[in-house]
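Structure first, commentary second.
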Amino acid sequence: MKKRILPVCGRAHLTHDPDPSEDPLKEPGQQSGEAMERNERSTPVPGKEKEVDIINIKGIEDIGYVQPDSILLNCLTPEENTGCQHGLYFQDGERRVDYILTYHIKKPSSSRSNRQSSRFTDNAFTRSIRRGTARLGRAPTPQPRGDPEVASQDHSMDYHVDDKRLHREEFEGNLRDMGMELEKDEDTKTPGVGFVKIHAPWHVLCREAEFMKLKMPTKKVYEMKQSTGVGAKINTLVNKATEPLYPNVEDNRTHNVKHLSYMFSREKQHLFDLSDRDSFFDSKTRASIVFEVLKRTKCTKAKYSMGFTSLLGSGVYTDAYPLHDGDLDGENIEPNDRKLLYEEWASYSVFYKYQPIGLVRKYFGEKIGLYFAWLGLYTQMLIPASLVGVIVFLYGCATVDDNIPSMEICHPKNNITMCPLCDRACSYWKLKEACGTARASHLFDNPATVFFSIFMALWAAMFMEHWKRRQMRLNYEWDLTGFEEEEDHPRAEYELRVMQKSLKKEHKTQKTEKEKLTCKDRLPAYMTNVVMMLLMIGVTFAIVFGVILYRISTKTALHMSNNPTTRSNVRLTVKTTAAIINLVVILILDEVYGAVARWLTVLEVPKTDKSFEERLIFKTFILKFVNAFTPIIYIAFFRGRLVGRPGSYLYVFESYRMEECAHGGCLMELCIQLSITMLGKQLIQNNLFEIGIPKLKKLIRYIKSKRRSFQEEEREKKLQRYETDHFLEPFAGLTPEYMEMIIQFGFVTLFVASFPLAPLFALLNNIIEIRLDAKKFVAELRRPVAARAKDIGIWYNLLRAVAKVAVIINAFVISFTSDFIPRLVYQYMYSPDGSMHGFVNHTLSYFNVSNFQDGKEPMDPQHQVEMCRYKDYREPPWSNTPYVISKEFWAVLAARLAFVIVFQNVVMLMSDIVDWLIPDIPKDISLQIHKEKILMVELFMKEEQGKIQFIDSMMPCGGKEKRNNHAPIARSRSIPHTHSHTHANNF
């Protein structure tokens, strides 16, 4: 039997000539010409690749590369696989699976029931022989007749399947050219899915680590400088006291020594400890190296090259993911990092412990490690904020009985008659009926809330500075100092659009120049973005307006009820139900806006994943922020200020009278809206959705797999590791996790003056959130590809923006929403004795009931009155200018504006002072980084001096003198070494 070389997808493959099936009379050149002719008719790619025998390529795929020279192997069935540790290794049990590619395989039909997935006998190769004999005039094997339409559909389907197979052939061949080792498995317990296992051998890992500039630990170990003095003693005591709070993880312990790290270089391998090559590059690093190779590998035999992302987007490959290290539970499970994370991090029983951030980074990479480090620090910083908030709330509870305005409202002898709250249906009412609301408002509207607002502004500044210091410490510990992100590879969608643009331009100009998308190409997408963003914000405003109409109409309807209990609880019922409606709408619109933001970002076709992520984050943040805070902003700053006065109310649609605030102000209603929205989002959206949706999706994936022939337990035992991970939910990025926390940070800081318990609720939520996210990452999601990052990116800028806006909003809440400023103005300008006695009467204006508009007076007044009171600063009806705004109004307004200006500038100045006083880089870390640089110089100087000594020892004496006479620079190289050594000893 003869052998020949076929060029398959950029790599020459060895295959066997089928002697019995070929015509011995046909010349080899004639056969190859006929193959080229068949290729021109069958391949969709024009022009360049006319020498490839596509028929025989399919034959090679179906045979499964059984030739001994090929690196692509075929895995045995899972039952035969006894040495690969449940799919973590190749069939030989030695080469570790670093990455998995999955692709769709055609399900066996009745006509192909004898064809096996990885060992084809009646394959495309033999079919090509039959077609070849037909070309020579021989009668082909009779085929059963069928429906021509069905046959046409099958031919089209086979055409696309073969086209994808060709791309896979080329891509996998190029991967082998890059040094990767591949192994296929199509005979699995997952019908319709084929798996390509990828292993990166040692030389590939070394080459790519050098290209990626990975810092790896060298043999050089140095002692980290320990602080001395009182601070060191305090740290020692704190560490001993908090010892039970640390997880039982070795990486979480504080070490006094550290390996000196240096960018890996194949020329300097002697600097690194390579005694155990299998563990030198951990599984996270190996997967990231393979992923980098995948992104760099392209299919170039088509007219337009296709990258890895394009192959995923076009369905050539369906999924790509690295494997988890092992199982979480079961019998005879070997210890692994995933199991350790599940026990010491993802368990609710360790909620009181610190996170093993070092192990999280080791398993998931720096980007995810930074997220959980930030979340942990944010949660820790919420502890003092929660304590102060609880103290402020308890202060309000303790002083409610001493609050003079609420005592005046609740006094039994209070006989002040208030004007109706709505037209016709509402009657006059007594001010003492608002006693409960007034007392409850004092819990959140007291002088301590002003102090708490200032405290939270400084807290936010300290949190930012603390995070910058923590981030620098992690950069040092994780060897990220000096790391700079390189430009990412183009996205699949971008490459596709460029390809389409090139095709259009080629048809017009017949020129093949490298194209790129310009602003002109993206102009329709930009216009669509602007219009859709404005439309979505308008939808939010419209829904808030609809809830306003609901409150107005419901309040009128309840006032007309015959049930006295219903009439007495109108305000509470309307407030609570409206807040719940707002919550439901916010939850629904959050999902809608997330999908809209992604769709708009896809329309823009960003070039890189980083650009895509930043644009998506910005749009999502704007829409979700507006959605969450628009109802709250309305209650805080607009409700009760667009009402008018009795006899001249402001109406919507000429029939709906605008809402008024309760006598205690709108602060209580703001608190109710804040608490329901915040708690509802945290309990329903953040927790229930995060638990339920991944489990539901996992269940759907199992149902779609159609593997119902055996029980769940039996199936789990037979699944390989890569099959089990295939049914996990794909990692969708950190954007939802960060967004959830940024919105929560807004609730904690923006309106904290009206809801001092917000930090406490956020703390309780985050304690659960950390473990919930941990469990999701460890058990529910596929293992993400480790990504290096030295900071949290755009999220830090958003945090700073929210913190700055929070100062302004809290200033307006204190001055305009609460009664803090009117109380101060009355006490120091209008009170006869400098006390708060008479404040309630001072804030109420008079109205003559005879001045009601026709048809607006109460239908069934319970009290016969001539004058009723309403909350406003207006002249009485007996003055020369009745119902005109009084001078007290202007005095209070001036005081309010002055307070906003003073509060904003003072608090921002204090925040800047905190920012200036706290250095971004801890002093000990700065010293250690400097020490590392000196030690690195010393290491290389020693190495170079050793080389010189070795050369000197190998040369004769005469040669030495000659070399020394001609190379004085070599002798002087030892001088810097001594100098650097002296500096290093000073540390």
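From the backbone N, Cα and C atoms, a Cβ is placed for every residue, glycine too.
The annotation region 'Disordered' is assigned in TrEMBL to 1-50 (among others).
Annotation comment: TrEMBL describes 14-26 (among others) as compositional bias 'Basic and acidic residues'.
The compositional bias 'Basic and acidic residues' annotation in TrEMBL covers 35-50 (among others).
According to TrEMBL, the feature domain 'Anoctamin dimerisation' maps to 89-357. Looking just at the domain 'Anoctamin dimerisation' (89-357), the mean pLDDT is 76.
Per TrEMBL, region 'Disordered' is recorded for 107-154 (among others).
The domain 'Anoctamin transmembrane' feature in TrEMBL is assigned to 360-932.
Only residues 6 or more beyond the boundaries of the transmembrane segment (371-395), in the same chain, are considered here, and those with a CB under 8 A from a CB of the stretch are 354-355, 357, 360, 443-444, 446, 448-449, 451-452, 455-456, 459, 462-463, 466-467, 470-471, 474, 734, 737-738, 741, 745, 748, 752, 756-760, 762-763, 766-767, 769-770, 773-774, 792, 795. According to TrEMBL, the feature transmembrane segment maps to 371-395 (among others).
According to TrEMBL, the feature transmembrane segment maps to 448-464 (among others).
Marked as transmembrane segment by TrEMBL: 530-552 (among others).
A Cβ distance under 8 Å defines the sequence-distant neighbours of the transmembrane segment (572-596), meaning residues of its chain 6+ beyond its ends; these are 532, 536, 539-540, 543-544, 547, 550-551, 554-555, 558, 566, 620, 623-624, 627-628, 631, 669, 672-673, 676-677, 680-681, 684-685, 736. The transmembrane segment feature in TrEMBL is assigned to 572-596 (among others).
Here TrEMBL flags 616-637 (among others) as transmembrane segment.
The transmembrane segment annotation in TrEMBL covers 741-764 (among others).
Residues or ranges marked as transmembrane segment in TrEMBL: 798-821 (among others).
Per TrEMBL, region 'Disordered' is recorded for 963-987 (among others).
Under the heading compositional bias 'Basic residues', TrEMBL lists 974-987.
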Touch test for the transmembrane segment (616-637) and the transmembrane segment (798-821), at least 3 Cβ pairs under 8 Å: yes
Whether the transmembrane segment (741-764) meets the transmembrane segment (798-821): three or more C-beta pairs under 8 angstroms: yes
Outside the transmembrane segment (448-464), six or more residues from its ends: residues with CB under 8 Å to it: 377-378, 381, 384-385, 388-389, 391-392, 395-396, 748-749, 752-754, 756, 759, 796, 799-800, 803, 806-807, 810-811, 813-814, 818, 820, 903, 907-908, 910-912, 914-915, 918
